[in-house]
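Note sheet for the following structure.
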Amino acid sequence: MALSGSRTEFLAGDTLGGDIQYGRSGGCFVSTRRGIMCALLVAAALVLVGLLVFYLAPCPHGGQGASAANGTAAQATGGPAEGGDTASSVLPEGPGGGDASTETTPSSGAPVNLRLPKEVRPRYYSIWLQPFIGDPASNNFTFKGLVDVEVFCESAGEACASVSLHARELNVSWDEVSLRLLPAGVSSVEAPGRAGRAIGKKYNASADNASAPAAAAAPAPTPETIAVTAHAKSAEKDMITFSLAKPMEVGRNYSLEIPFWGNLSTSLSGFYRSHYTERTGTEKWLAVTHFEPTYARRAFPCFDEPAMKARFELHVARRQAASSVSNMPLRSTEAIPEQPGWVWDHYPPSPIMSSYLVALVVSELASKSAPVTSPTSPAFDVVARPDLLPTADYALSIGPRILDHYSDYFNISYPLPKVTMAAVPDFAAGAMENWGLVLYRESLMLFNSSISTAQSQQSVASVVAHELAHQWFGNLVTMDWWSDLWLNEGFATYVSYIGVNHVEPTWHMLDKIVTEQMHPVLETDALNSSHPVSVEVQNPAQISEAFDEVSYNKGACLIRMLNHSLTEEVFRSGLTNYLIKWTWSNANQDDLWASLTEAAGNVSGLLLPASVKAVMETWTLQKGYPVVMVRRDYTAGSLHLSQRQFKLEGTDGAGARDDRALSWYVPVSYATGEDVKWLQDTRPRAWLTPEHRDGLNISSVTAPGSNTWLLLNVQQTGYYRVNYDSANWRLLSDLLQTGPLETVPAASRAQLLSDALNLARAGLLNYDTALNLTSYLSRETDAVPWKAFVRAYSFLDDMLRDSREYTHLQAYARRLMGPVAQWLGREARPADTLPQRQLRATVLARLLRAEEPDLLNWARAQFALWLNASDANPIPVDLRFEVYCAAARYGGEREWAALEARFRASDQLPAERSYLLRALMCTRLPHLVTTMLERSLEEGGDIRLQDSIYVWRSITQNPVASYIAFRYVRQNWDSIYARYSKVPFVLKEVLRSSIEGLSTELDLKDVLEFFKLHEGQFSVAARTVQQALEKLRLRVHWRARHHAQLTAWLRQDSAASAAPAPTAFTPTPTPATTPAASGSSTAPASPAPAASTPAPVAG
């Protein structure tokens, strides 16, 4: 699953209760008899009130409630009803009485085991669902269902005297639950008398639609029914348990049939509803599923753990005007005689897979198919709103090519008969890799070249590649438990760069992984509140919090490091062996290490200090990463390496502690000015290991007495930072400022900038050294180093924006960026590469924030042209957000109102809508900031739930909003918590963003008081809160420690730079590409362009 936006956002899970705490003692006491009578009266009153509310209250979203006929049917059965239904509805009605029932609530004792018993497992599901959407006269947004799951028992005895499944927010018809023993030696898939055939008859599906046709030989025997003597519900475990009259037998298959019904939620998880408005103004509704990580249990009772794999057969009832799509190709459709206008869609069984991969969309969306390239290729199609379907063409053009490339790369064919990619109007995650039916946010699948930026196009390609990589990593082979989530997400993230690089080789994706994946997570992983990539998780809240930068970004970086350490040949061989061995099954990281170790053993001359398992466990079982300290002996030509854990808190403050005890197996690649060819070879030339307690000495690195530069961790393929002695930092700075830039790979230039500025931030390097190195950027033309600088610079901008020295920081930015901005220009050029377009947007965005006068005037003029334009938007596509934001930031209510009006009218333009929404948060008018915060949290408002996080995420770029946001959260916490405690992906963003812009001692005091006041309400965002607090403490500490040193350098730089304007800018060419695999070489560098007509430079 892809994180939405920049891959740092994600849905979260629900917390499963907690300890019950009593704030007082004493009270009154009543007798047992009176207590029971009171309880019965209260229960009866609650039931009566519930029935009155359900049947008399107005339906949500303007629905008018059920018709009289439906109300009669519903009252007779206790379940939901929909237009045309009668008491003999095609699916089970509401709950009934029957066997003994108990319900447990969260306990206050020791931690409860929330895992399913391992003795009873599923083999096959037959799922019947009927969602009620799209009828304005009687929309009650419910669904009915029946699941018939074949189960078997793996051990004899009392462990198989009950069956436990997951179910949450479902109403089960308890008296209709049944368990039947299937004929000996066969499964329900094979048996002619299987329960699925009975379902077909009971629910009006014709005999042809059973997944296995009846044998013509003899009638099937009547299955033996096992009595269900009691059932129990556990809200804490999300489980229902059925007690049986006798234990199930080992080696036999049983059919468990459970009727149920529920509500199509608004939380964007489980089985939920979404909507959109057509150009004609007609509102359309759709029913959508999103089950990862623990939401399948909200759609049907199931064994909702990744290792409980089974096959899934879906049957979906829909209105004739709608359509459905699921994991497998549609097999047949038939009318439902009892419900005119309704039909059943029948789907064949899926491959063996986990419950979180089941997917379904019922809608009036449109589809388009890609041409079939060969008889063995799977069918490939896209689904989107009819009005937006043409904008799915780009995804449809690259998807099949990426899928084919993965089949070749892994040497394993895609196993399903089709791939459908569907763009959904409301989707919490960026995308979801459901096998055969990949779901996306519209903005991450749809691309319109006239309104979508270069970054949007890359995002679409990256997310498509990420989700298709999951078809192997996650779907074909699934992690055994969520503790190894990184095996799914880390691999998919890394492999996505390989996939995009295949279809868009001019984008230089293999360089971009450094700035897009490694640099962000190096900051997060330098916190005390970080966690190992392989982390123990138990409940849904913990599972959901594992979907973070560490699992995605760090996981990808570790896989990349392993690839470059083992070589591409060994890496791919090991991956193929791993996938083949664990096909259709589950695996953990030890299984991957075993396959890679075996592959490495088949190659001679590979430099590896220990087994793959021993090496990688120092990276996956420990949080954090090292900084490698380099001390050179220039006289002898040798160097000494040592390691310690890198932390942003530094070494002498903010509660720092000695972490030298933590150590890693560190692959060491290096190059010097005497032998630059090693800059293109990323294989390790040495290993710094935990056994090197006193460090590692490497001799003959340079000639004795040489004063040439040394660069360690070539192209930053290793997941660590490097700190040199002061002399080598000066040599590297001189190389960048005066030497040929094409000598040093773009990823290595980005590495030097990121390492230097973050080492200074942590107090391990003087800011003078770090900032002096950045001065070379006035000749940099590659987007990758610039992105590394802008990320580190943004921290300085945040820390100084409320100080008098901020004008010096702005002047510093203008001096660095002016030359490249002049060369790039403001309008796109026909010969521009996508990286150059990205660079233009990056540099001009920063110059606008630095208030470059000419650029501000240009932005004002562009905004005025746009407001007066009658047709096409005249603002360059890649700069539209920046122009909109500048208008809101430096304008007033008139400009803001113009943007707001365009936002309201932009529902048919998902990309443009996102730019406008974020731009509205650029305003410096406090009442408008508050207005946007309130609108982002309105239920049913014009800001979709999935998009509300963009409002909050924009706060950190706006100093006015930063101070308003936390005050708003503190004043409105009760209502925010009441609504979003069950929508954690929103709640986490609210908490994180409202704190991230704060940086003073007073801010820290206020935040700590707020969290103490509401202690116990943050379990769904525990790690988010920990990291937000730690980052705030670090910002406070940085102010006390570094503010004076930084501002002194800036004042000195400003004084030294009061000189004539820079001469005409001539870019220095960079290599056309960076090697993808260990030991490979780059293509020859392009010749230097003429100064008068600069040629495009690869980015």
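Yeah, the Cβs are placed from backbone N, Cα and C, and that goes for glycine too.
Given the structure is predicted, the values throughout are model-derived calculations rather than measurements.
Taken straight from TrEMBL:
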{"type": "REGION", "residues": "67-114", "note": "region 'Disordered'"}
{"type": "DOMAIN", "residues": "394-619", "note": "domain 'Peptidase M1 membrane alanine aminopeptidase'"}
{"type": "BINDING", "residues": "His466, His470, Glu489", "note": "Zn(2+) binding site"}
{"type": "DOMAIN", "residues": "709-1033", "note": "domain 'ERAP1-like C-terminal'"}
{"type": "REGION", "residues": "1059-1099", "note": "region 'Disordered'"}
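Residues Met1, Ala2, Glu433, Glu467, Ala469, Phe473, Gly474, Asn488, Phe491, Ala492, Thr493, Ser496, Tyr552 surround the recorded Zn(2+) site, their Cβ atoms falling within 8 Å of the Cβ centroid of His466, His470, Glu489, which are themselves excluded. Sequence-distant neighbours of His466 (Zn(2+) binding site) (same chain, 6+ residues apart, CB-CB distance under 8 A): Ala2, Ala431, Glu433, Ala492, Thr493, Val495, Ser496. Around His470 (Zn(2+) binding site), the same-chain residues six or more apart in sequence whose CB sits under 8 Å from its CB are Met1, Glu433, Asn488, Ala492, listed in sequence order. Taking all protein chains in view, 32 other C-beta atoms sit within 10 angstroms of the C-beta of Glu489 (Zn(2+) binding site). Across the domain 'ERAP1-like C-terminal' (709-1033), the prediction's mean pLDDT works out to 95.
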